[in-house]
Amino acid sequence: MPDIEYLKKLALIGAVNKTVKVSSSEFHKHTGDSSKTAARKLKQLEKERLIERELVPGGQLIKMTEKGIEILKNEYVEYSRIFSSEPDTLELEGNVLKGLGEGQYYINIPGYRTQFEEKLHFIPFPGTLNVQLSENSSALRNRLREMPSVRIDGFNDGERTFGGGNCYPVRVEGIDAAVVVPDRTHYPSDLIEIIAPVKLRDALKLKDGDRVVTQLKKQGMEGQK
């Protein structure tokens, strides 16, 4: 199990967004451990690929990796659940981002399109709304797996195999829609793709960079996984 406390201390001195220079003799003041223990634990974090570390004269240069940041995001989500009442919906907010056009291609594939219609009860517009989540919402995104979802099965059309994924029922500014999360994706974790029966950009008069709020429902469609 990674040393969460050391990750938190590194984050507090700025190692999330930049490379910081520290020495074991200085860092132990933040943790209360001896310099020797601090050096050993920092080395272990590097071994677990939670930080990047380079020894330099007078100390070491340290920056947290995406893997390390993800662990802290999960901690944030768990503490949020402990100290706040559970809302009926989970809100994710971010900014509209120009897509790569892949959504239109995949939505039009019959093996997917039929499942969307049968399981989501709407025929999706051939395209997705891509939203880059804010920092807070990016952390909360890990809670998607706790929300009701609809399973979209993978299939083979005789020529190639298409992977499966999950759809999470949402409302985007009052419009019923779904967040699509493929089992395999090359997109970063702070990006979500939304499908809807209408072109959301036109219906909500959205352009690149506009802020949009997505509400994930806690009830509904549980029996359709």
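Glycine too: its Cβ is placed from the backbone N, Cα and C atoms.
Since the structure is predicted, the reported quantities are computational estimates derived from the model, not experimental observations.
Same-chain residues at least 6 positions away in sequence with a Cβ under 8 Å from that of Gly103 (CDP binding site) are, in sequence order, Pro126, Gly127, Thr128, Asn130, Glu193, Ile195. The feature CDP binding site is assigned by Swiss-Prot to Gly99, Leu100, Gly101, Glu102, Gly103, Gln104, Val198, Lys199, Leu200, Arg201.
Summarising the annotation, Swiss-Prot assigns Mg(2+) binding site to Thr128, Asn130. According to DSSP, Thr128 (Mg(2+) binding site) sits in a coil region rather than a helix or strand. Other Cβ atoms within 10 Å of the Cβ of Thr128 (Mg(2+) binding site), summed over all protein chains shown, number 24.
Residue environment of Glu193 (FMN binding site) contains 22 other Cβ atoms, counted within 10 Å of its Cβ in all protein chains. The FMN binding site annotation in Swiss-Prot covers Thr185, Glu193.
Residues or ranges marked as region 'Unknown' in Swiss-Prot: 1-89.
What Swiss-Prot records for 90-225 is region 'Riboflavin kinase'.
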**Complete:** If you measure between the CA atoms of Gly101 (CDP binding site) and Thr185 (FMN binding site) and round to the nearest Å, you get 14
**Distance in Å spanning the most remote Cα pair of Gly99, Leu100, Gly101, Glu102, Gly103, Gln104, Val198, Lys199, Leu200, Arg201, given for CDP** = 19
**Request:** Give the three-state DSSP assignment (helix, strand or coil) for Thr185 (FMN binding site).
**Result:** coil
